[in-house]
Amino acid sequence: MTLLLDGKTLSENIREEISKRVKAITSKGYREPTLAVVLVGNDPASHIYVRNKRKACQKVGIRSLFYHLPENTTTPELLDLIAYLNSEEKVDGILVQLPLPEHISQQEVILSVSPRKDVDGFHPENMGKLVARIEGGFIPCTPLGIDLLLKHYRIDPKGKDVVIVGAGFIVGRPLALLMLWRDATVSVCHIHTKDITVYTKKADILISATGVPHLIKGDMIKEGAVVIDVGISKLGDKVVGDVDFDSVKHKVSAITPVPGGVGPMTITALLLNTLQAYEQNMGLKDVGL
Ligand SMILES: Nc1nc2c(c(=O)[nH]1)N[C@@H](CN(C=O)c1ccc(C(=O)N[C@@H](CCC(=O)O)C(=O)O)cc1)CN2
Ligand SMILES: [Mg+2]
């Protein structure tokens, strides 16, 4: 029997808990948590993700402020906005949707967000905490969502061979650090890997985050492996992942669907990070809340 790792239902349950926590705090007279969402340009997928994030915020009682800047925004203009949001006491979290237009320096933008408001966990201070295994930083949303999904289904990466396909900044690299934190033996494959099948075939837990539709086929996988599919691509009208679900599903012990697996967990992790930013900003733990 193959276990379907249902990120949609788990997300709904966690969001319910977040909503209860927000209600409990605001009913004591505290203001609501606030997330500033920044979108530059008109990438259609980014528009959808931002809309979904804002809807999710609204449902759990997090206020979201939306800053939609034109495609031709310059790096200094964007940095000015971020400096303002950093200084605003009532803004707990700042999220700059990626990818940014080519002419904007992603590096400068990431460095400019205050580490205490960096709910995406992209600032080097937060990435550094991931390297050093220091609690209390922000963990990037997709890696955190995957970690929560594995925990929920009692899949412990400790001592396992975890193979990550894709070494991107948003998922692959921070996920490798998080899986090391969880005591897994981690391999990361990328565009220059000679033969990814050598690695995928030995994975106890295989996580693919490439955006190449149906890259991972059944004959590339070890019998009984756990497969986590981070990819989201369009094939015609269908949303598909990196994993060729039909050829893989009978061979594995557990697998995430696309949609409804990692995607919703990414947004749930953002809500959790925003709640964490709010609680730290308001000093709620100091007053016993
Ligand atoms: N600042 C950030 N930018 C980006 C991030 C991020 O974490 N922070 N991640 C990705 C995109 N992303 C969130 O921003 C994201 C992608 C997909 C989903 C999702 O729920 N997917 C659905 C399917 C969606 C569909 O039908 O098209 C699913 O898997 O069920 C959520 C978030 C890049 N940018
Ligand atoms: Mg999914």
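The backbone N, Cα and C atoms fix where each Cβ goes, glycine too.
Caution: TrEMBL annotation is automatic and unverified by curators.
Annotated features, as they stand in TrEMBL:
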- G166, A167, G168, I191, I232: NADP(+) binding site (BINDING)
- 5-120: domain 'Tetrahydrofolate dehydrogenase/cyclohydrolase catalytic' (DOMAIN)
- 140-281: domain 'Tetrahydrofolate dehydrogenase/cyclohydrolase NAD(P)-binding' (DOMAIN)
The answer, for which of the binding-site residues G166, G168 has its Cβ ringed by the most other Cβ atoms inside 10 Å, is G166
Give the number of CB atoms, excluding that of A167 (NADP(+) binding site) itself, located within 10 Å of its CB. 18
Just checking: which of the binding-site residues G166, A167, I191 have a C-beta under 6 Å from ligand 1? none
Of these binding-site residues, I191, I232, which scores lowest on Cβ atoms within 10 Å? I191
Looking only at the domain 'Tetrahydrofolate dehydrogenase/cyclohydrolase NAD(P)-binding' (140-281), mean pLDDT returns 98
Recorded NADP(+) binding residues, G166, A167, G168, I191, I232 - maximal Cα separation rounded to whole Å: 18
